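Participant: Under the heading signal peptide, TrEMBL lists B:1-25. According to TrEMBL, the transmembrane segment annotation covers B:41-61, B:82-105, B:111-129, B:156-176, B:188-209, B:221-239, B:271-293, B:305-330, B:362-391, B:436-457, B:469-492, B:504-523 (among others).
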Amino acid sequence: MSEHIYERIKKDPRFSDLQKRRGRFALILSILVLTVYYGFIMVVAFAPEKLATPLAEGMTTSIGIPIGAAIIILAWLSTGIYVRRANSEFDSLNKQIVEDASK
Amino acid sequence: MSLNRILTISGLFALMLLAGDPAWAAGAIEGEVTKQPVNLSAISMFVIFVCITLGITYWAARRTKSAKDFYTAGGGITGFQNGLAIAGDYMSAATLLGLSGLVFAKGYDGFVYSIGFLVGWPIILFMMAERLRNLGKFTFADICSFRLQQTPIRSLAASGALSVVVLYLIAQMVGAGKLIQLLFGLDYAYAVVLVGIMMMVYVTFGGMIATTWVQIIKACLLLFGGTFMVVMAMSQFGFNFEALATKATEVHKSGISLMAPGGLLADPVSAISLGLALMFGTAGLPHILMRFFTVTDAKEARKSVFYATGFIGYFFMVVCTMGLCAIVIVGTDSSFYDAAGKLLGGGNMAAMHLAQAVGGDLFFGFISAVAFATILAVVSGLALAGASAISHDLYASVFKKGKATEQQEIRVSRIATICLGLLAIVLGIAFEKQNIAFMVGLAFGIAGSANFPVLILSMYWKGLTTRGAFIGGFIGLLTALILVILSPTIWVSIFGFEEAIFPYNHPALFSMTTAFLAIYVFSKLDNSEQARKEADLFDSQSVRSQTGVGAEGASAH
C-alpha cells in the first residue's frame, strides 16, 4: 500500500519542488558553516598572528575572542534559521503532498 | 619523606602508577599542603543524585514494556527534552575538566578545540536529522540496511558501533576512576566498579527512558553549576572581560600569546584532520545517532538539534571563560599548588579548584558530584547504544534473521548491557595504568571513517550497494585503526619506537577519504542482480526519508 503512496508522491511536481528547495537551503547553510569553520581553521594554521590583533588600541582582548564566539553563535543561529523554515514552510508543503497522495 | 617528595614532583604520572594504593595516591594528588582524604559534601551530594536517578529508573522500569520503550523511550520525547539529553550525552566530564584545563594551560587553543566540537551539529541537522528520524527505528544500522542486505550491513554497522562504544567506555571508565579518586578520596577500583554497576542498573531496568532522564538532569546540573561558577568568578573582575584578559595575560607565563592560537594546531594537515574527525565523527557516534529515534517526528528531531547546539555552544563558552578565570584565581593562589609548583591533581583540575576558590567546600562538593553524574550519564548512553547493536542488529537480524520476538530481543539487550558493564569494569581496571589519550580520538576516527560514510551514502547515493558498503566500511574502520596504531600517540608513546610511521595523530583526513573512495569503487564494480534491486529501492527510501510517510510513530502511553 505504501509503495503506491511513494509512487504518487514521487510523481507529484510539488515533491520535486520541495526536494529542490529544501535541498538547496540545506546546502547553502552547510556551505556557509563549513566555509566559516574551515576558513577559521586555515587562519589558525597559516596566520595565527592575525587572530592576535588587539580588539582596539591598547586592549588585551584579541579579535580572536569575538571571532570564535561569533562562529559558535553563527553555528547556533544557522540551526535556528533552518528549523524555522523547515518546520513551517517545508513541513506544510510536505503535509499537503502527503495528504493528497493518501486520498 | 623523600619518597613523598618524588611523588609530589612527578604529579599525575605518579598518580597513574600508584593509584592502586590510596595512601600513596593521596600523597601524589594532594601533595604536602592540603590533605583531604574523604570529601564528605561531595559524597553526600552524589548520593542524593544517585537516589533521585534510581527513583527515576524505578519509574522508568514500570513504563518500559515494549522494545520501542526500551530502545527509544517509546519515541515520544519532545524536541526540547531531546536537545537537553543530546547536550547531556555530548558534554562529558572531559569537556568540563579537559577543555577548561586546556584553556588554563594554553589559552586560545582550548577555544579553537571547543569550536571544532560544536560545528558538527549544524551539519548533522542540515544533512541528517530528519532523514534519521524518518528512516530509523532503533539503531543507525536500520538506516544503513534499509535497502541493502541485512546480514552484512548490520554486521558492519554493529562492528563500527561496538568499536566506538568500547573505546569510549574505556576512556570514560579510566577517567571516572581517576576523577573519583581525586575528588572523593575513594579507591580507583571501587570507583570503576561503582560506575559500571550504576550504568547496568539504569540501562537494564530503565532502558532509554531512564537514560534520557539521567542525561537531562545531568545536563541541567552541569549548565547550572558552570553558569554559577563563571558568574561568581567574573564578579571578581566586575563582569568585565577585558579586565579578566588583562589580568590573565599578566600572570600567565605565556603572557599576551594566551589571546591567540599557539602551537597546538600549527600544522595544517593535523588541523584539518582533527576538524574532520570532530565534525563527521560526531555524526557517526552510535549513542548520539540513537537519540534521534526517541522523538515524535522529524519536526521534533530538527528542534532537538537547535536546542542541543544552543546548550552545547553556551556551555563551551562558559567552560572557556572558566579556564581563563582559573588562570587568575587559581593560578595565583599558592594553596592550589604543591611544593614543586605543580597544580594539585594535575592540569585537568583547574575547574575543580576554581569551584573551591569561588564557591567554597559546598560548591566544590556540588561540582564534584556533577562531574561524577556526568560520567554516569555518558556511559549509560554508550551502554544502551552498544546493547542495541548487539540485540537489535546482531541477535535479532543477523542470527535470528528477524524472527526473534520482542521479549527475546529485550532480554538479549539486557544481558548485553550487563556483559558490556562487566567488560567496561574489567577493561577500566586493566587500562588504569595505560595511556588512554588516543582512545577518544580513535573512537571519533572510526565513527567518522566507518559509520558516517556508510550512513550518509545510504541516504544520498542511489548507487550504493551492499558489497560497496560492506567492503568500503570495513576498509574505513581498519584504516582508522591502523593509522592510529602507527601514529605518534601509540607507536612512539606506548610502543616506545623512535619515530612514528604515520606522522599525524588524527587519521580522519586519510581514513575518511579512503573509506569514501573504497565504498564508491566497490559499489561501481558491483554489477550483480542484487545491486540493481537495491538501486530500485532507493526512490521509495528517498520519498520516505523526506516526507516521513511510513516512518515509525510514537507509541501511546
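Count begins at 1; order follows the chain as displayed.
The backbone N, Cα and C atoms fix where each Cβ goes, glycine too.
In the displayed structure, how are the listed features positioned relative to their neighbours?
Facilitator: Remote same-chain partners of the transmembrane segment (B:82-105), defined as residues 6 or more beyond its termini with a Cβ less than 8 Å from a stretch Cβ, comprise 111, 113-114, 117, 171-172, 175-176, 179, 212, 214-220, 222-223, 226, 282, 287-288, 291-292, 294-295, 300-301, 303-308, 310-312, 315-316, 319-320, 322-324, 326-327, 330-331, 347-352, 354, 370-372, 374-375, 377-378, 381, 440.
With a threshold of 8 Å between CB atoms, the same-chain residues lying at least 6 positions outside the transmembrane segment (B:111-129) that come near it are 90, 95, 99, 102-103, 261, 264-265, 274-275, 278-283, 292, 298, 301-302, 304-306, 308-309, 312-313, 316-317, 319-320, 455-456, 459.
For the transmembrane segment (B:221-239), same-chain residues at least 6 beyond its ends with a Cβ under 8 Å from one of its own Cβ atoms are 49, 87-88, 91, 96, 247, 311, 314-315, 318-319, 321-322, 325-326, 328-329, 351, 354-355, 358-359, 363, 366-367, 370, 373-374.
Taking Cβ pairs closer than 8 Å, the transmembrane segment (B:271-293) reaches residues 71-72, 75, 82, 85-86, 89-90, 116-117, 119-121, 123-124, 127-129, 132-133, 136-140, 160-161, 164-165, 168, 208, 265, 301, 304, 381-382, 384-386, 388-389, 441, 443-448, 450-452, 455-456, 504, 506-510, 512, 552 in its own chain, all 6 or more past its ends.
The list of residues near the transmembrane segment (B:436-457) in space but at least 6 beyond its ends in sequence, with Cβ under 8 angstroms from a Cβ of it, reads 94, 127-128, 140, 143-144, 153, 156-157, 159-161, 163-164, 167-168, 170-171, 174-175, 276-286, 289, 464, 469, 472-474, 476-477, 479-481, 483-484, 487, 489-490, 493, 505-508, 511-512, 514-516, 519.
The list of residues near the transmembrane segment (B:469-492) in space but at least 6 beyond its ends in sequence, with Cβ under 8 angstroms from a Cβ of it, reads 144, 148, 152-153, 156-157, 159-160, 163, 435, 437-438, 441-442, 445-446, 448-450, 453-454, 457-458, 498-505, 507-508, 510-512, 514-523.
Non-local neighbours of the transmembrane segment (B:504-523) in the same chain are 267, 269-270, 272-274, 276-277, 280-281, 438, 441, 444-445, 448-450, 452-454, 457, 461, 463-465, 467-469, 471-473, 475-477, 479-480, 483-484, 487-489, 531; each lies 6+ residues outside the stretch with a CB under 8 Å from one of its CB atoms.
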Participant: Using a Cβ-Cβ cut-off of under 8 Å, list the residues of the same chain that are 6+ residues beyond the ends of the transmembrane segment (B:188-209) and lie near it.
Facilitator: 19-20, 25, 50, 53-54, 56-58, 60-61, 63-64, 69-74, 172-174, 176-181, 290, 294, 375-376, 379-380, 383-384, 387, 414, 417-418, 421-422, 424-425, 428-429, 432
Participant: In the same chain, who gets a Cβ under 8 Å from the transmembrane segment (B:305-330) while lying at least 6 residues past its ends?
Facilitator: 79-80, 82-84, 86-87, 90-91, 95-96, 99-104, 107, 110-111, 114-115, 117-118, 121-122, 124-125, 129, 219, 222-223, 226-227, 229-230, 233-234, 236-237, 244-245, 247-248, 251-252, 258, 336, 343, 350-351, 353-354, 357-358
